[in-house]
Each structure stands twice: as structure tokens, then as C-alpha cells.
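**Student:** Sequence annotations record features per position, and here TrEMBL assigns NADP(+) binding site to B:Gly165, B:Arg166, B:Ser167, B:Ile231. The annotation domain 'Tetrahydrofolate dehydrogenase/cyclohydrolase catalytic' is assigned in TrEMBL to B:6-119. Annotation source TrEMBL lists domain 'Tetrahydrofolate dehydrogenase/cyclohydrolase NAD(P)-binding' at B:139-280.
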2 protein chains.
Amino acid sequence: MAKQLLGKEVTAALNEKIKAQVAELESRGVKPTLGIIRVGERPDDVSYERGATKRCETLGVAYEKFLLPADVTQEELMATLDKANKDDNIHGILIFRPLPKHLDEAAVIKALKPEKDVDGITDGSMVGVFAGTKQGFPPCTPQACMEILDHYGIDCTGKKAVVVGRSLVVGKPAAMMLLKKNATVTVCHTRTVDMPSVVKEAEIVIVAAGRAGVVDGSYLCAGQTVIDVGINVNEEGKLCGDVKFDEAEPVVDAITPVPGGVGSVTTSVLVGHVVEAAARTLQ
Amino acid sequence: MAKQLLGKEVTAALNEKIKAQVAELESRGVKPTLGIIRVGERPDDVSYERGATKRCETLGVAYEKFLLPADVTQEELMATLDKANKDDNIHGILIFRPLPKHLDEAAVIKALKPEKDVDGITDGSMVGVFAGTKQGFPPCTPQACMEILDHYGIDCTGKKAVVVGRSLVVGKPAAMMLLKKNATVTVCHTRTVDMPSVVKEAEIVIVAAGRAGVVDGSYLCAGQTVIDVGINVNEEGKLCGDVKFDEAEPVVDAITPVPGGVGSVTTSVLVGHVVEAAARTLQ
């Protein structure tokens, strides 16, 4: 039976660190603040926002909402972003995406200041992840994976790690972050031949395929740590990951559940980025 | 005995393509032009420059040299770059690096227009490589590796590819480019455990370790294609690669020699980028 890598344990430890940083910043006269730009009222956005603002409140981070109607013009959106960019009291900016189709999302991302890009969507942040430098911030989901590995003391140096999925938001950055942790990293994807045998060789597996149950028991073996990034709804309407948990859990050494795994850590990572962005303004 | 993948054959084919593009551009009134910014007289720079300008001449690409003394000020260098950036008749800019220590190289790279970054050193180009988009240009060496694979009809889809080395200039971009070609890609490095067994599983091996003879016969087996990026000088004062050619050649299916392999392709890739940069101005 595998050890369960629980998001709530990772989050609790992260939150303690963040609170200490917030206290330190406040003693130096800085109140870390997140600017939230939301266009329209998409339920997913509203729900994520609620989670983020609640987490901010718990951790002593302020937030300011910039709510725009679904039919906002590009000019109005850009002006709002410009205001948040220029406001020294706002340290990080979260922009909900995808934006409605009439808006030029690329132009919006390009206008966002990399040093406020706590969600890791700008070119500057991407270069930071690719080069392994502290430019901008990595996307929250792959960083949540790293936080889980760190929290449970899973050293990556010299380990074989496999990432399933090559998206720009999870797979590729996760591969770069594992490389920085000195793992020997393999990236698999839909065109990989005989994926079960490739995944079976890994000691650390990060699954970000974006499809329920892609990784079943035939991919897994004893000794593995499995981080499941997937969040899907199965036929019974229940949340499930990209890994068949029932087949994985009796076999591998350690695994993140879904829900209660990676997803539950990302909000604290985001708030942590805001605090880090605030700290960087003092450097 | 392995098939030798010869840089000169790849270059000859590339040059034909480039000449046709130049002719097409000239018929539309555009003369592709490379701007070369060189500080000082370092022999390596002068030698590479001679190769590049000769290749430009052969292919009908113009060039303009901006030669600055080794003690040039940051302001003068930036002003020169600004001039080249703004000159619509210059389509690509090559800046020799490393710059002398008194100069701020990061500021120079930051000032270079990504659309003229034919050497792939700006953040914009790095994002292009990481994301797999056509923003900027990839560094010339990893692209030379891809040109060799393409020229010899080596399809990467579904193949296991291993990259030895994780530098920002070769290893990481090569991994991203192989991923775009649908290979299952593994990156090895100095912290990899039992590298011979990892490399032995690959069908395509790109070696960019930066050390002579790192990869010997124990890493290799039948059926492999080996691209050797290394350029080292051995004890006898002869050029040699990162692969022990004498041990590899009897075993693998195909291999690039050193010299005469990857290195000989990079100059044409650079000039090709200048032509592509010129073509993009018409789009």
C-alpha cells in the first residue's frame, strides 16, 4: 500500500513559511498584495477566485479585484492592466484566462510585467523556467508538484523521472524543474511508443496527460513516486486523476490522491509567489 | 560500419535552399543582410566571422560589420546595437560573446530585437524554442543537429532520443526541438546515474557534454544514430568530439564525424536565419 502524498500536509507547511514571510515583510512596511483581473463571470473563474482570496485572507495577503464585464473592450482591459502594473502596492497580478474571444490575449500577456507575473504566463517567466533562473515565476501547477516532492523529502538527484505530457503549462516546465533538481528526465506524450515500459523505468512519475486514467497498473511498479496532475470528472460524476488510483495504489511507493493532491497545493503556491514578488521589491 | 552523416552534404543541400530564398527575396526588392557586432580582436571571433562572411558571400547575403575596440564603453556599444536594430536594411544581428568583462552583456542581449536575433540568444528566441513557436530563432548548433537528422531522413516520431548535456545553448534547446519532432526525449547530465545504460536505450543520441570522449563504446549499440556536438582538442592536438569515434563507428548505424559534422553546418544555419528574418519582414 502506497504512502499518500497529501496536498493538505504540503499546504500546511507552505502556509507556515508564507505567514512568516508576510510577518517579516509587514515589519518592513510592505503588505503583499495580489491584483486579480477577471473578465466576465465564468463559474470556474469565480470558484478559483474564491479559493485564492480565502487563502490570501488566511495568510495575511491583501488582494484587489479588477472586475470587468464580459464585453469589455481591449482598450479598457489594457488600461486596467496598466494601472495594476504601475501600482507599487500591487505585487502580483492574476489574470483569468482564457479571455473572451474578442480580446487579444497575447497582447495582454505581453503587457503584464514579468516581475508581477505570479501565475507564470509571460515570456519572462517561461525563460526563467527554461533557463532555471529566478526571472518571473514558474506556473503554479508544476511548482506544486515540486513542493510535494520537497515536502516529503524525495530527493531527485540522479533519479530517473518521467513526465507524461508536454504542455507548456505543466509538462515542459515540470521537466525543466526536475532537471534543475538533477533528475534524469524523460518526457513522454501521445506519440511515445510503448509508454508503459518507459514509465515503468522511472522512479519519479509526473502525470499531466489531461485525460482520465491514462496511466494504469501496467505503467507502474514498486519503488515509484507518482504525482498525478490530472483533474477529470469520471462517468459517475466524481473527480479523478490521470492515474488509475485503484491500480496504482497497491503497487507504487507513494502517490498523490485526486482530489486532495496537487490541485490543493496550487493556491498556496500562487499566494507564495505574491509574497516572493513583494520580497523582491526590497532587494 | 556506420554511415557517416557529413556536414558538407547537409550544408550543400541547405545552401541550395537558401540561394533559392535569396533569389526570391531579391526579386521582391529585399537584400538579406547580416549585421556583425564584434568587440575587440579575439582570434576565435575573427575566425568565426571570416567563415560567416565567406558563407554570406557564397549565398548572396550581404553583411555589415560594426567593429568596436576592446575598451569600448557600454554606451557606445548600446548605441551601435541601437543603430543596427533600427536599420531596416539589416535583418539579422550577430554579436560576438562573451563580451569583455567591463561590459554588461545581459543589457546588450536584452536590447537586441528578437526578430533580428539570428543567433538565438534573446529571451524571445528562448521562449520560441521552449514553446515550439516561430518567435525569434533557435540557437544555431542544436538547429544544425536537426538539419542533419532531416537531411538524412531520420524520422524522430515515436523514437527514443537521448540528449547528453543540459546547457542552455545546446542540450535544453535540442531536447525541446526533438520533442517538437515527436521523439520521446530524455536529458542526461553529470548527475545521471549509470549513463551508459540510459544512452544505450536511445535510437537517436545527441551528445553535447563539452568534454572529449565522454561517450565511449559502452554507451552505444546497433541501430543508433549519433550526433556529436563536441569540438575538443585531444592530447595530440587534433580536433575530436565528445564521442569516442573509433569505438562508436563500428557499432552504431550512423554518426557525425568531428570535424566535418555538426560544426560545419552551423554557419549555413546562421545565414539561413538571416534570410528567414528578411522573409518575415515581408509577411
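Just so it is clear, glycine is given a Cβ too, placed from its N, Cα and C backbone atoms.
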**Student:** Please work out the mean pLDDT for the residues of the domain 'Tetrahydrofolate dehydrogenase/cyclohydrolase NAD(P)-binding' (B:139-280).
**Tutor:** 97
**Student:** Per DSSP, what is the residue tally for the domain 'Tetrahydrofolate dehydrogenase/cyclohydrolase NAD(P)-binding' (B:139-280) in helix, strand and coil?
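**Tutor:** DSSP classes over the domain 'Tetrahydrofolate dehydrogenase/cyclohydrolase NAD(P)-binding' (B:139-280) add up to 53 helix, 26 strand, 63 coil.
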**Student:** Please find, for B:Gly165, B:Arg166, B:Ser167, B:Ile231 as listed binding NADP(+), the greatest distance between any two Cα atoms, in Å.
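**Tutor:** Comparing all Cα pairs, the maximum is 16 Å.
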**Student:** 10 Å Cβ neighbour count around B:Arg166 (NADP(+) binding site)?
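**Tutor:** By my count, 25.
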**Student:** Cβ distance under 8 Å to B:Ser167 (NADP(+) binding site), same chain, sequence separation 6 or more: which residues?
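**Tutor:** Listed in sequence order, they are B:Ala208, B:Gly210.
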**Student:** So if the criterion is CB under 8 Å to a CB of chain A, which of the binding-site residues B:Gly165, B:Ser167, B:Ile231 qualify?
**Tutor:** none
**Student:** Tell me which residues of the chain lie with their Cβ under 8 angstroms from that of B:Gly165 (NADP(+) binding site), as long as they are six or more apart in sequence?
**Tutor:** B:Gly171, B:Val187, B:Cys188, B:His189, B:Val207, B:Ala208, B:Ala209, B:Gly210, B:Val229
**Student:** Looking at Cβ-Cβ distances, which residues of the chain lie under 8 angstroms from B:Ile231 (NADP(+) binding site) while being 6 or more apart from it?
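**Tutor:** When sequence neighbours closer than 6 are ignored, B:Ile231 (NADP(+) binding site) has B:Leu239, B:Gly241, B:Val258, B:Pro259, B:Gly263 within Cβ distance under 8 Å.
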**Student:** How does the domain 'Tetrahydrofolate dehydrogenase/cyclohydrolase catalytic' (B:6-119) divide up by DSSP, counting helix, then strand, then coil residues?
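**Tutor:** The breakdown for the domain 'Tetrahydrofolate dehydrogenase/cyclohydrolase catalytic' (B:6-119) reads 61 helix, 18 strand, 35 coil.
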